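Below is one structure, written out as structure tokens; the observations come after it.
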Amino acid sequence: MPVRLAITPGEPAGVGPELLVKLAQQDFNAELVVFADREMLRQRAKDIGLHLDIIDADFNTTPQRHRAGQLQVVNIPCSSPAIAGILNADNAKYVLETLRQATDACIAGHCDGLVTGPVQKSIINDAGIAFSGHTEFLAERCNVDKVVMMLASEQLRVALVTTHLPLSAVPAAITSDNLQRVTEILHSALIQQFGCQQPRILVLGLNPHAGEGGHMGREEIDTIIPCLEQLRQRGWQLDGPLPADTAFTPRHLEHCDAVLAMYHDQGLPVLKYQGFGQAVNITLGLPIVRTSVDHGTALDLAGSGRADSGSFNAALTTAISMAEHSSRNSY
Ligand SMILES: NC(=O)c1ccc[n+]([C@@H]2O[C@H](COP(=O)([O-])OP(=O)(O)OC[C@H]3O[C@@H](n4cnc5c(N)ncnc54)[C@H](O)[C@@H]3O)[C@@H](O)[C@H]2O)c1
Ligand SMILES: N[C@H](C(=O)O)[C@H](O)COP(=O)(O)O
């Protein structure tokens, strides 16, 4: 039986909806159920000159493979008409409602995984709603106090110790407890979800030159090194802390299953330089499968049909294989 995925197209003024309409023109070995405004999807299909049959989703039927040209939809209306490329704070609540309903469908077992399109964090904040990202939202919705953001391309996996917070708040968030729990979640996911029998993780330092022996910052000496030493006593293969500037070189990456970066813009620019357009954002540590695209709302391209659907496609196929893997392992 094919798996059933819940999909949120994200910000209705961004490229998410049209990328989904584009991808719906091909077959998938899974049922795709979109949580979104039906009319907005029809309009985006029209904007980019594609045809789409929209069918009401029904969780009481056996999941069927996705057939090109159709989309099953749980209709959640926008508050205001959504115009491609033009943000409207009125629709912030709609965006979060699509996420809530799609997540709850996974928690309830109606869907086997969640794939999210890009949201515009700033417009949600402009609407007066505290929101820093899907990763944090999903942790709260799933009642989990620690999750890990990992972006993966075919060549590289980069996980983060801290996610969406100002750079000035990063050092205080690099605590021994945080680093240990993130490493544990990553280590376990590499074994259970990515088939690495004895994962090798390359851990970056926080400061230039990994602190230059304490002359350029003490987080390595005070926190990172002692934490890694403790975890190595479990027999885990943890390299580092390595200076971030030279860690992403072939010699270091050759035998590593994932790089653990201390903060968002230490790790993700390298991953996106290498794999933008085919990389996938995966949330580790949730009770549900969740993947997403490697890009944002690309308002400059919205409605043009020119946005690249490679990462959304990769997010869908990764979620399908993760959901198949987890349903096989639950029997
Ligand atoms: N998964 C997510 O929800 C997610 C991920 C990243 C950024 N964002 C949000 O998106 C908003 C805009 O962020 P940004 O401007 O930093 O990044 P962005 O990814 O939207 O755009 C950066 C550049 O990449 C281009 N680009 C993005 N997606 C593309 C695609 N599919 N095909 C071709 N070109 C593409 C854009 O045109 C732009 O030039 C922010 O609010 C940010 O928080 C959301
Ligand atoms: N940090 C992600 C990126 O740069 O691609 C992006 O902001 C999405 O994060 P969430 O999945 O937590 O929204």
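Residue numbers in this text run from 1 along the chain shown.
Every residue, even glycine, has its Cβ placed from backbone N, Cα and C.
The substrate binding site annotation in TrEMBL covers His134, Thr135, Lys272, Asn281, Arg290. Cβ environment of His134 (substrate binding site): Leu99, Thr116, Val119, Thr283, Arg290, Ser292 lie under 8 Å away, each six or more residues apart in the same chain.
Long-range neighbours of His264 (divalent metal cation binding site) (same chain, six or more residues apart, CB within less than 8 Å of its CB): Leu160, Thr162, Thr163, His164. The divalent metal cation binding site annotation in TrEMBL covers His164, His209, His264.
The binding-site residues near ligand 2, defined by a Cβ under 6 Å from one of its atoms, are His134, Thr135, Asn281, chosen from His134, Thr135, His209, Asn281, Arg290. On the backbone, the CA of Lys272 (substrate binding site) and the CA of His209 (divalent metal cation binding site) stand 22 Å apart. Packing around Asn281 (substrate binding site) is summarised by its Cβ count: 25 other Cβ atoms lie within 10 angstroms of its Cβ, all protein chains included. Across the structure, Thr135 (substrate binding site) and His209 (divalent metal cation binding site) place their CA atoms 29 angstrom apart. Neighbour counts were taken as the number of other C-beta atoms within 10 angstroms of each residue's C-beta; across the binding-site residues His164, Arg290, the minimum falls on His164. With respect to their backbone Cα atoms, Asn281 (substrate binding site) and His209 (divalent metal cation binding site) stand 28 Å from each other. Its Cβ taken as reference, His209 (divalent metal cation binding site) is surrounded by 16 other Cβ atoms within 10 Å in the chains shown.
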